[in-house]
Structures are given as structure tokens and as C-alpha cells.
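Listed in TrEMBL:
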type	residues	note
BINDING	A:Ala24, A:Gly25, A:Ala26, A:Gly27, A:Ser28, A:Gly29, A:Lys30, A:Thr31	ATP binding site
DOMAIN	A:3-280	domain 'UvrD-like helicase ATP-binding'
DOMAIN	A:281-573	domain 'UvrD-like helicase C-terminal'
Amino acid sequence: MISSLNPEQQAAVTLPPRHALVLAGAGSGKTRVLTTRMAWLIQTGQASPFGLLAVTFTNKSAREMLTRLTALLPINTRGMWVGTFHGLCNRLLRAHHRDAGLIQTFQILDTADQLAAIKRMIKGAGIDDEKFPPRDVQRFINGAKEEGLRPHNVAADDPHRRRLVEIYQMYQDQCEREGVVDFAELLLRAFELLQRNAPVREHYQRRFQHILVDEFQDTNTLQYRWLTLLAGGGASIFAVGDDDQSIYAFRGANVGNMADFERDYAQGNVIRLEQNYRSYGHILDSANALIAHNTARLGKNLWTQQGEGEPVRVTEQASDLLEARWIIDEIKALIDDGRLRREIAILYRSNAQSRIIEHALFSSAIPYKVYGGLRFFERQEVKHALAYLRLMDNPHDDTSWLRVVNFPARGIGARTLEQLADLAREQNTSLFRAVPLMTGKGGTNLARFAELIQQMAHEAQVLTLPELVEHVVHHSGLRAHYQNDREGVDRLENLQELVNAAAAFVAEENFDNLPAGRIADDRDVSVGDGMEESSAMSPLAAFLTHASLEAGDNQAQAGQDAVQLMTVHAAKGLEFDSVFITGVEEGLFPHENSLLEASGVEEERRLMYVAITRARERLYLTLAQSRMLHGQTRYAMRSRFLDEIPEEHLKWLTPREGRAAVRENTWSGAFRRGEAYNRPDGGTVAPRMPRSLTTGVTVGDQHFRIGAGVRHAKFGEGTVIGLSGMGQDAQAQIQFRDVGSKTLALGVAKLDIIAG
DNA sequence: CAGAGGGCGATTTTT
DNA sequence: TCGCCCTCTG
């Protein structure tokens, strides 16, 4: 089992039971080490399968871990605690729902549900949604929860913040009333349960002597505290991660957890996995050289036994359109060489870049697949059907109620619902319970809807889950509604797919012929001292949880050999023979929004590091001198990251401009040499130098240059990051410190130059 | 109650 | 420029 591992991997797998940090570089066999460690612990009798807890961030990697584990050891993994943070916390809360103060059938709000709930609350409480935009409120609440803070823990020094805290509290009360929890709440609740309830805590602390964590660099503050609390009874944490691949700070990940963990728990017990089994030398050395520009790293240098391979190819095209066409031509050549389309990936920093590339691929009839976008359980029609199903389990879930009370239309208007909401608020109860208090025509329709829900709930006691889903799709009127809709074909298909998903779920979970709403008697998987309450759920409840925690694939035309398109973020953890990294330009990669703080550029650099290390054999970096963005043509300099990779690893397919010229603007470089420039439509433009790009632009008595510091009466202070046009038509793109980037007409906007 | 039209924002995203 | 969201109107 371990003899095929390299010495470092072996050392990591067989570490004695104490806290350890494994710094695992890209392509160094991280998952292999993690799963082999689990298998080794079990096989050597140091742990039972139930004494391990392995936690990841995505369902996909949790599944992968289980698959690999069973390949190493023929054991039954059912009942093992291997899953995502959210999945495991959910499990904990179901088993101890009383201690956690939750109803057993609590539903989980996904991000969209949560936003809807916040909007509803803000409206209901008469809060000004201009001053408190629901999105900001959501971010505030989730941010607080991810730091482990309840409303009373949040420091609020100004009136606005104080109000936010009140809103947080109101939202919390609403969730409480409705029996729902959001994603962050799953973690915080589970943490508090362990923290406050000594018997429960001690039970799990005793049970899990080995805690293994994947992608440790992505943990947030709360997850870190949850882990160390759970390990507080003498368990060992085996944390695997790569600080150089930390790219999720924007959603709360705290890279600092790695250094903290080393200092506070794993001192002297750090293993580095630096041998890379994925990429050739030039690619790897490019990545190493780039990431060396970051400060505050834990430090790591990847090496490979494979040869240096091909240099990294770089091309600079005049426009985003030409960049896309160039890529397509190159892909055609790769395919002609006999390469598989699915082994070719096109990566971009932001989704907006995909459109033009897709268009070019489509025109050339090259099959491609875009990752990202709406996933199955997030689709409107699927969410509608799920809302009906949720109401069967818990009719007091107002979010679900409002989602479908009048969908399909059944004559229940906004006025009626406002009245209902008022009544419910007065009585401090759910919309469902307030229905009998309603009078008039609206009341009749509402009563009919409530009747429908109860009728369906009744069916749940008789029908199996797939039968019930089918019943709901039909009797809710959803099917009829979409049949009448000209564009409802896909939606009908998805509803049918939901029935199929329910059938597959029932088979997978061995629910057999159990009625959807019933709980089987024999499903306890509790171990040890009988501390754990039954976490058994009805097929319906289990399916709803599954739908919330696992949003499903976003696009699985599996089997199709297609070129892979995705953001760099989405590419993390994947690898391809050939990789194109596109838009390697200042402002795009690194993204301009990250330029304001040093740590932002470092995160962008890690992102580029992730992108580069996806490639096995061949890597392309492409950039465009001009690009259509937000309806405007923008001119960009080449990315600083290109200059951070030593020449010896690069092969320029288009001439590399002198550094100074490029820094100013690549286009102007061409213009200055008097070269014609090839227009995207195939024509040529006579050389014409846009003055603004080289010497800046003068408007009135002010002279603007790229890099100049300016002050605007309303937007505050900022830096000029782009210029276009001349004279009164000149426009400047300015990155403001507080309000982001804006494009202003220099002839109109009142700006003071304060520097440069 | 649905469809049209104005306004606004526009990195990255899993659960 | 584009797409989403909200509001207004018929």
C-alpha cells in the first residue's frame, strides 16, 4: 500500500498520532497521501473506520476520497464520517437537533433562498433597502457567522453598523421561527453545540481520534475553531494543504490558519511534498519563479523527475477577438496532432471572457464544454418543485410558501399576501397558520392552497419518493404550466429529471419501497455509548437535504470529447495535457479590483500559480492588446506576471515588446514603429498613434497620465489606470480607493490631480 | 398579472 | 455591451 509512495509521502502517511501539517504542492499526490493515511490507520489497527473524521470542501472531493479509500481497503464506508464541513455539521445537527435547538426536519437555505428570506424580512420590517441592500446584509450576516459571531458579539460602533446587527438578529429570529438554517448557520450551530454541550462534545472528542482535513488553506476562522474544538480531547489533526494555492480569501478563507496551526499545534511536525508528478520542467519552473514573488509563504519548491519539456508559449494578439481566433487555430492543430479535446483547457480570469471564445469555438464547430453557471438543483423549475416538497415536511417554511403560493398562478395577489403576512406577524406565527384568519376571496384561495399542501403531505405517507415527486409535479400545476409555455421544454425535462433523481436517490440510499414521509426503523448507525440520537430521516427529508447540500453538476454531457472552458478558480484541482491561460493582462489578471491592497495582488499571483500548474505538457499564455469590456474597448498592458517568469522558460510566438514600451502600452509600441495594425475584421488600419496612451492627455490646463493620482468630489481619491480618446472626448478609467473603478469623461468630470 | 422598459452593475464561488 | 432586477403599465 505504501511501498509505491515516495519517501516524503510515506513519511506523511505513517506519521505518529499527533497534529501534523502536510504542505502538499500542486500535483504532489495530496489526495493519495490523505486516503492512504486513512487506509493505513485502519489497516494497522490504530483506528477503526468510525474513529476517523475526514473533511473536505466539496462533495466531489469527499466522494473521491471514499472511492480511493475503498480501492485501497475493501471496507464498507457507510456510516463513516467523511464529507464536507457542511455535510458533517448537518449530520451532527440532525442527530442532536434537540440539543441544538432545532426541529428535526429543519430545512437548509441555499444562497438564493437566504437572499430571498432577507429581502422578505427587510420589506416586512419596513427597512430602507437603499440604505441596507439585501446583498450587503447577506454578506454582513454570513461574514459574522463565518467569524463565529452572533449578533451580540459583533462590535458596532456606528449607527449604521448597529442597525445591521439588529437586522442580523431579526433575520436570525425569522429563521428560528421558520425552522430553517443557512449554510453558515450549519457550521456555527454545530460549533456551538460542541462548545456548550459537554456530553455531546466529549462523546465526539472520544470517538474521533484522527481528524483529516483536505485543502486546509481554504478553511475559515469558524472551521478552524470547529476542528480544534473537536480535536480537544486528544485527537490528532492531519491537515493537508498548500498556502500557494489559497485563492478563496474573498469567501472567508484564512490562509493564516496554516501558519497558526503550525505554530500552535504542529510545530516541528511539518512535511513538505515537493515532488511533482504532473508537469514538465519549464512549466513547473515558471510556476516556481512566479510564486517566489510572494512574501509570507510557508515556502516550497516543486521539482520533477520528468525532463524540462517544451517552453511555455506566449502570444500577444491585437484584440480579444484575434486572441480567441488564435487559440482556435492552435487547438485545431493540437487536435490534428491527435490530441483529445477533453485534454485541452481554456482558462480565464473572469466569466465575461468566455463568450468570445465560445463564439469562436462554435463558429469552427469544435465541441466544447463550459463549466460553471446554473446547476441542477438551482434551476427555477426545480426549486419550485422542491419548495412544494419542503412545505410537506414543514408548512411553516415561509420562504418556500411564498415561492409557490402563487406559482403557478392561482389568484393570490400581492395584496392578499401582504394581509396574510401582517396577520402572521401580529400572531408571531407562520403564513400557513395565519391562513384561517384570512377572510374574503383571497382567503378562499389561500385556504385552497393550504388544502393542496396538506393533501400532498398526506400522499407522502403513502407514495414512495419518486412517486411523490411525480405527484407534486403534476398536482401543483407545474407541469401544466410549463406545457403551456413555449419555452418550457427544457424546464419540463428538468422536472422529469427531478423525478429520476429521486428514484436514483432512493436506490442509492436503500430506501426501497418506503413511503416518502416515513422513517425506517432500522437506520441507526450509531456507534459507541448510545450518545447519538437517531439521525434517521424520512426519504423526503433526506432528499431535500441532499438537494440543498449538493447542488448537482452544472453541466454533465459526460462522455463527450470536448474542449474544456472554465475560470481559473474552477480549474483548481484539475489537470490537462494542454492549457491556455487567456487574458494575461494588467487589469484582468491581476484583476484591477485586487490592485488596491498588496495581499490582493498576492492572491492573484497564487491564482496564476494555480492556473500554470494545471498543465501537464503544454502551456500557452495569451493576451490581447485591446478588449471589449463593459461595452467599451479597453487597452491593457501585459500582465506583470509575465515579467516574473524568466525568459528561459518562455517562447514568444509574437514579438515581445521592449519592457518600457510594453509597460506603457503594447499598441502604442506598434504604432510608434509605424506598423499597420490588423483589424479584427481582416482590414488594416493605417498607423495612428493615440496620443493619450503614450504621453497622457491634456484637457484644459490639466495633464492626465496613467498612474496619476486624482481626486473627485464624489468618488474620492483614485489612480488613473486607463486613458482613451483626445481633447474634450478623452476618457479616463480611474480606480478609486473606495468606490472601485469608474470611467469618466475628462471634459466633464471635475478632477484634481494630486500626484503624478 | 404579465410583459415591457428603464436603471444599474460588471472578479473569482462551495456549501 | 449585456443581462438581471425592479417597477410601471395596459
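Using N, Cα and C of the backbone, Cβ positions are placed for all residues, glycine too.
Everything TrEMBL records as a feature, shown here on the structure.
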| residue | record | CB count, 10 Å |
| --- | --- | --- |
| A:Ala24 | ATP binding site | 29 |
| A:Gly25 | ATP binding site | 25 |
| A:Ala26 | ATP binding site | 24 |
| A:Gly27 | ATP binding site | 20 |
| A:Ser28 | ATP binding site | 23 |
| A:Gly29 | ATP binding site | 20 |
| A:Lys30 | ATP binding site | 23 |
| A:Thr31 | ATP binding site | 17 |
Secondary structure of A:Ala26 (ATP binding site) (DSSP, helix/strand/coil): coil
Check: same-chain CB within 8 A of ATP site center, minus A:Ala24, A:Gly25, A:Ala26, A:Gly27, A:Ser28, A:Gly29, A:Lys30, A:Thr31: A:Val33, A:Asp242, A:Leu273, A:Asn276, A:Tyr277
